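Quick look at what Swiss-Prot annotates:
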- 108-164: zinc finger (ZN_FING)
- Cys132, Cys135, His152, His157: Zn(2+) binding site (BINDING)
Amino acid sequence: MIAPLLCILSYNFNTFAILNVYSKLTMFCTTNSLPMDLLLKQGSLKQEVESFCYQIVSESNDQKVGILQSEDKQLQPSVSKKSEGELSRVKFISNSNKITFSKKPKRRKYDESYLSFGFTYFGNRDAPHAQCVLCKKILSNSSLAPSKLRRHLETKHAAYKDKDISFFKQHLDSPENNKPPTPKIVNTDNESATEASYNVSYHIALSGEAHTIGELLIKPCAKDVVMRMFDEQYSKKIDAVQLSNSTVARRIKDLAADIEEELVCRLKICDGFSLQLDESADVSGLAVLLVFVRYRFNKSIEEDLLLCESLQSNATGEEIFNCINSFMQKHEIEWEKCVDVCSDASRAVDGKIAEAVTLIKYVAPESTSSHCLLYRHALAVKIMPTSLKNVLDQAVQIINYIKARPHQSRLLKILCEEMGAQHTALLLNTEVRWLSRGKVLVRLFELRRELLVFMDSAFRLSDCLTNSSWLLRLAYLADIFTKLNEVNLSMQGKNVTVFTVFDKMSSLLRKLEFWASSVEEENFDCFPTLSDFLTEINSTVDKDICSAIVQHLRGLRATLLKYFPVTNDNNAWVRNPFTVTVKPASLVARDYESLIDLTSDSQVKQNFSELSLNDFWSSLIQEYPSIARRAVRVLLPFATMHLCETGFSYYAATKTKYRKRLDAAPHMRIRLSNITPNIKRICDKKTQKHCSH
């Protein structure tokens with residue numbers, strides 16, 4: 001009986017374990033005066049001997065041996081957790097006194113010849129995994145067989161099945177293949193799905209699209225992309241992202257609330273802020289109030305949407321003020337920090353906006369009010385001599401005659417295409433100041449030949465297109481309005497200061513004087529359209545036309561001076577502190593001393609040439625707090641109503657006649673704000689995160 005036992009042990013264990021088992025088992029039999037054969041037979045001591053043997057073997061390299069099975073009951077030896085993984089090697093057979101051992105799982109070795117099938121090894125050299133050098137797919141150790149590797153090559157990479165080993169070796173040695181493989185890990189838990197839902201909703205709000213686009217377009221497209229580039233199983237994970245209509249609406253409200261919370265925190269800690277407000281009506285007839293705020297944050301001056309509210313009752317000045325005041329009190333924002341209110345209502349206008357501004361100045365006594373400088377510019381350019389005004393009105397009538405009749409517009413397009421014209425349609429004229437009237441008149445002048453052929457002789461203004469004097473005046477108007485619109489556009493945009501606008505106006509005033517002097521000398525090089533037309537017809541400008549042009553230019557300059565008067569600017573030190581040699585009247589002695597220290601700093605001087613005016617003074621708050629805060633207070637007021645005008649354009653594009661019931665305020669908060677929502681923070685506040693079903 002001992003010989004078979006030793007034979008079994010020698011098959012499964014090392015020599016040290018065999019000797020250890022045999023010696024201790026012999027000692028056990030001698031101590032108890034029992035023959036060993038008796039222990040190995042069925043009997044009362046059998047279980048004790050088996051436990052003893054298991055203990056001995058467990059102490060020897062954590063190996064296990066099973067001894068004898070009872071005909072009546074199968075034994076379950078107790079072993080340590082460390083060795084449970086190898087217990088499968090021992091098989092107990094009932095109705096037999098024999099013991100059997102299953103073989104160890106076979107560990108295949110990697111052979112260099114496997115590279116001919118496009119496979120290298122990955123992981124432990126003693127128990128490697130097979131890795132395809134083409135697709136980087138990792139196979140188990142059991143796949144390290146030529147037949148399985150060849151099958152992968154022929155099914156997955158049939159185009160390379162006839163390549164020799166040198167091809168795969170070159171592919172293996174490339175830099176891309178030397179990078180460690182990155183496992184494909186797709187996190188499909190509810191938290192990740194929720195964050196993805198917020199990200200998609202954020203982009204939907206930024207684009208102004210309908211909420212249904214998430215479920216109807218974005219999710220199917222995302223699934224198609226993932227399925228084509230990765231695998232179908234990963235594509236199915238996208239179904240967990242919640243993008244239904246109602247879910248996207250809730251997500252957008254959460255994002256807007258987070259942005260509002262961040263904005264309120266910034267306003268509470270800032271030194272001061274200015275407001276810009278305007279009111280308009282939406283597609284459903286509601287009065288919509290937009291209020292923007294300008295404030296210093298960190299080392300820059302920021303502009304954000306303060307509120308977008310629908311006025312349910314009468315849109316009076318008191319109602320507008322109550323709406324703003326309610327927001328300020330709700331969030332505990334101090335009115336004392338308000339330094340200026342910009343609107344489209346001048347002091348001479350007695351309207352609801354003007355009334356609201358007056359009420360704001362009552363609760364914020366130190367604040368000032370300003371009139372949009374673009375409005376001043378628009379009012380100034382409307383004044384012109386009668387002869388030029390008549391030409392402008394007639395040009396608008398010709399354009400409207402074509403644009404108001406779709407059939408006429410189609411016929412004109414066909415005619416322009418046949419005549420090889422650069423353009424095929426006229427531009428519709430509008431009185432809105434930020435659209436270019438210059439482009440409208442230039443287009444009309446460029447299509448004058450096509451219009452002459454197209455116009456019916458019965459139309460009373462058709463003779464204007466053959467009148468050279470009329471065309472000369474039209475050419476001049478096209479040029480001057482193009483120049484004025486360029487100035488108008490240069491004053492629009494974010495972070496435009498009062499200094500920027502007055503610099504543009506100063507430049508325009510000097511140009512107007514120069515243009516008037518040039519026309520008096522019959523030099524029309526400043527007006528390219530007029531100059532080219534004179535060359536084309538080989539003619540000169542009549543005295544009365546020259547007189548009208550000079551009168552218009554000089555009158556325009558005088559009107560601009562009325563709306564933009566040249567005054568002694570006590571805040572010139574803000575524009576360029578390094579040119580100040582005398583104490584400005586607006587500064588006290590201590591502030592002027594701080595200004596001297598500032599201008600004597602070489603590093604500050606270098607920063608002045610590299611940074612914008614807003615960023616320059618904002619960056620000096622820590623080092624020169626007193627003088628820097630005074631400068632920032634001068635820079636805070638809005639110069640134009642550009643943000644409100646842009647905001648209403650976005651509002652009209654978001655809340656269309658097909659979405660009249662939409663609450664557009666959260667969309668405007670996201671679309672018109674420079675603050676990016678903290679999606680991680682929003683998700684952390686959610687106690688439950690559900691995936692899509």
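These residue numbers are counts, starting from 1, taken along the chain as shown.
Backbone N, Cα and C atoms are what each Cβ position is placed from, and that goes for glycine too.
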Which residue, of the binding-site residues Cys132, Cys135, has its CB surrounded by the fewest other CB atoms within 10 A?
Cys135
Sequence-ordered list of residues in the chain of His157 (Zn(2+) binding site) that lie 6 or more positions away and have a Cβ within less than 8 Å of its Cβ, or none, is Gly118, Cys132, Leu134, Cys135
Other than Cys132, Cys135, His152, His157, the chain contributes near Zn(2+) (Cβ within 8 Å of their centroid) the residues Gly118, Phe119, Val133, Leu134, Lys137, Leu153, Lys156
Within 10 Å of the Cβ of His152 (Zn(2+) binding site), how many other Cβ atoms can you find? Include all protein chains, please.
19
Reduced to three states, what secondary structure does DSSP give His152 (Zn(2+) binding site)?
helix
Taking the zinc finger (108-164) alone, what is its mean pLDDT?
83
Tally of helix, strand and coil residues over the zinc finger (108-164) according to DSSP?
23 helix, 10 strand, 24 coil
